[in-house]
2 protein chains.
Amino acid sequence: MGNPRSQKGSSRERELVDMFWGAGFGVVRAPASGSATDRALPDLVAGNDERYVAVEAKASASDTVYVDGDEVSQLIEFADRFGARARIGVRFDREDWRFFHPGDLHVTDGGNYRVKKETALRDGEDFEEVVGGTKQVRLDGVGDDA
Amino acid sequence: MGNPRSQKGSSRERELVDMFWGAGFGVVRAPASGSATDRALPDLVAGNDERYVAVEAKASASDTVYVDGDEVSQLIEFADRFGARARIGVRFDREDWRFFHPGDLHVTDGGNYRVKKETALRDGEDFEEVVGGTKQVRLDGVGDDA
């Protein structure tokens, strides 16, 4: 509240940059999409000499996040070229960041990607998994048992 | 000519981004230094799944380029964290880009890095070397024999 949506998104993105930095990674936040380039770009790229991660980051005050299909295509193309893991990071209010490989997300009829809060909290990777630390204990495969 | 210095530097930087992209790399241009962060940042980061390069880029219309010591420290710290080769890229008017590892450059009494055009053309790596293509034929070691 009080912050326009874009400012909030931007401040959440900085939070994620700080987390990667705190975990010992080098991090670059890419210029805002659409800024004088048609080259594929994620929101940020982080690396620690062992693991490289490209992230498209979305924060939401509601219970569902939609990610534009074109942004996801750009993320995948960039990650493929660069040599990085492609991750969509979602951050719901009062929750921790959760991460998904784009291929694990629901695609709407319109070609966009949808993440529900409940799915994110149940199936998403947490930050420690993304940076290569401890893994969550997970039921294998399906993930619909919970 | 006609362009303010910063615009020219910026356009040269875009040129370098295009070159990496054309060589099959994913490239991110970092936001301008000093923009709301004290985290170490290079001008750009490029990767192709085998090789990761962080570049501080400088263009000059004169015969000598000076690179701020703090910018070089940031480049080195970033490259070390991220897992990338640190390179200072210099571009003199009407010449191709040349690249140096910071450790191979002359440091002035004031702690800044200096590259003379003549040294750059003689001893610098060319773009193909930086992206891992064909290597220049070079006399080994010293490099003062030419």
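Note that Cβ sites are derived from N, Cα and C of the backbone, with glycine treated the same way.
The structure displayed is predicted, hence computed values, not measured ones.
The active site annotation in TrEMBL covers B:Ser33.
B:Glu13 (Mg(2+) binding site) has a Cβ environment of 20 other Cβ atoms inside 10 Å. Residues or ranges marked as Mg(2+) binding site by TrEMBL: B:Glu13, B:Asp43, B:Glu56.
Annotation note: B:Lys58 (site 'Transition state stabilizer') sits in a strand segment as assigned by DSSP. The site 'Transition state stabilizer' feature in TrEMBL is assigned to B:Lys58.
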B:Glu13, B:Asp43, B:Glu56 excluded, remaining Cβ within 8 Å of their centroid (Mg(2+)):
B:Leu16, B:Arg29, B:Ala30, B:Pro42, B:Leu44, B:Val55, B:Ala57, B:Lys58, B:Gly89
According to DSSP, does B:Glu13 (Mg(2+) binding site) fall in a helix, a strand, or coil?
helix
Looking only at B:Asp43, B:Glu56, the binding-site residues on record, which one has the least crowded Cβ, with the fewest other Cβ atoms within 10 Å?
B:Asp43
How many Å lie between the Cα of B:Glu13 (Mg(2+) binding site) and the Cα of B:Lys58 (site 'Transition state stabilizer')?
8
